[in-house]
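Here's the structure, in structure tokens; my notes come after.
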């Protein structure tokens, strides 16, 4: 069974009239004798005269009897020829205001398809006349303005692909009828395109430019199959009839947040990009061989994008805004959108705030677009990229917020004078961490707005770990004990270089091994003391009085003997000897000749630098105590190789 062709909403083709006859078109094809042709051959003058006489003799009750006297004609053809062309009561003159008003009322009552029923209420008019009068003159959706270059480009591209299928081309131009498009092409565009090269250079842009016709459509028209229970808000024109109400919305800026449900095209999406609009037009193409493939793709897109569209709707109670341009694509369902740099941050974890989409009246849709999958079309790659970026960004904010906003005692630090850190502090005041907003109202910090972490719903961060930050505790304790610290000038770097040279030279000396071998029992005591307090010994080694005054030129190490004389300390019996209280022999092991100068003369150390480098700050001492307690928890044991 052949499918019935779909027509444009502005099409002038009559759906109920299968045979179109023309008035006195006697120059057409003539039927061959000897055969009964039932095709759409043109009527001759002789056939028209004979039909008039037969109607005068037999009347208009039985058209089969009349058709029996006309070879090659059926009863339907005879009836249509009489009613549409030859009937003397047929009015072919101009339309009056009363007739136009009557047509408008009947269209609102019966809809823009039942033209035969409408014609019965207008004496002397047939359905074809009423249909053409409505679409060409009375329909408020039909544009009567001049043709734009954009519309010409759409017609040119569509005509290259579809040919003279004006009803299909009319679907790409809302507000233009197929008859108007055909007349514009034949009278103006074809000559300009073929002779003057009009639109030839811009043809490379392709058909996606035709999709702008949907975005610039200034009207919406709808016909509800079932009358609603109450009046719908936002209708520009109230229905005059009760059987088939008609709603007209004049301009898109006057449309409220919720569009009335009985609309002709239910596109149940937040935002339709241009490629999606082009896919809608290709979907309605009967001759498109890839139509079924695209339908399946659209159904898959529905499943993958339904949750994302819900997630893009911003929460109405969200007061915190952030300066992130990457989130500007978030679209609010009620057409309320903030400007520029302050796009609302969508909550990805709560979907119960999302507004459900209005129900779809499938009766208003074409037969192939009744399913919701064909009504929701989005750009797949953009949606998937946005979902991935939003999830990664939310995870990053979760880690940053949990690190900066938590501490062991939840104390409020004085950030006007921050403690000494390894990172230089800016000269002006700024918020280093995100302030708490649990029990106090939100305060706008204009000067620190760029540096603040964006606010996020606490419900997302409930499962995040809340580990105390020892470094923040150390800074707070240091401020309480010593007061706010100030930035000190940088310590000269040559002292550090000298220390590194001395340490390198001392590490290369092998005389210490021989001295340790001669020292005997005191070595075990020194090793034990170094194990118990390594930080204190290191501090005493670098910061003791041996580095000051007259002892600066004293060499601490002696030249080493050969490596063959060095015993193995791990296997030697020296570890088993009792500890001696004598200290003198141990210091002798570090004596070196005095004729060997240092790399450079040492200078007096800065107290602050000495504290930081020798482990005397509060946080370093605290870490040392923790390490000592940790090591003391394990019993001592003999090292076995």
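A Cβ is built for glycine as well, from the same backbone N, Cα and C atoms used for every other residue.
These figures come from a predicted structure and were not determined experimentally.
DSSP states for the domain 'HTH myb-type 1' (35-86), grouped as helix (H, G, I), strand (E, B) and coil, give 32 helix, 0 strand, 20 coil. The feature domain 'HTH myb-type 1' is assigned by Swiss-Prot to 35-86, with sequence analysis given as support.
Residues or ranges marked as DNA-binding region by Swiss-Prot: 63-86 (among others).
Averaged over the domain 'HTH myb-type 2' (87-142), the predicted model has a pLDDT of 84. Feature annotation from Swiss-Prot assigns domain 'HTH myb-type 2' to 87-142.
The annotation DNA-binding region is assigned in Swiss-Prot to 115-138 (among others) on the grounds of sequence analysis. Across the DNA-binding region (115-138), DSSP classifies residues as 18 helix, 0 strand, 6 coil.
The DNA-binding region annotation in Swiss-Prot covers 166-189 (among others), and the record cites sequence analysis as its basis.
Taken from Swiss-Prot, the feature region 'Leucine-zipper' covers 376-397.
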Three-state composition of the DNA-binding region (166-189), taking helix and strand from DSSP: 17 helix, 0 strand, 7 coil
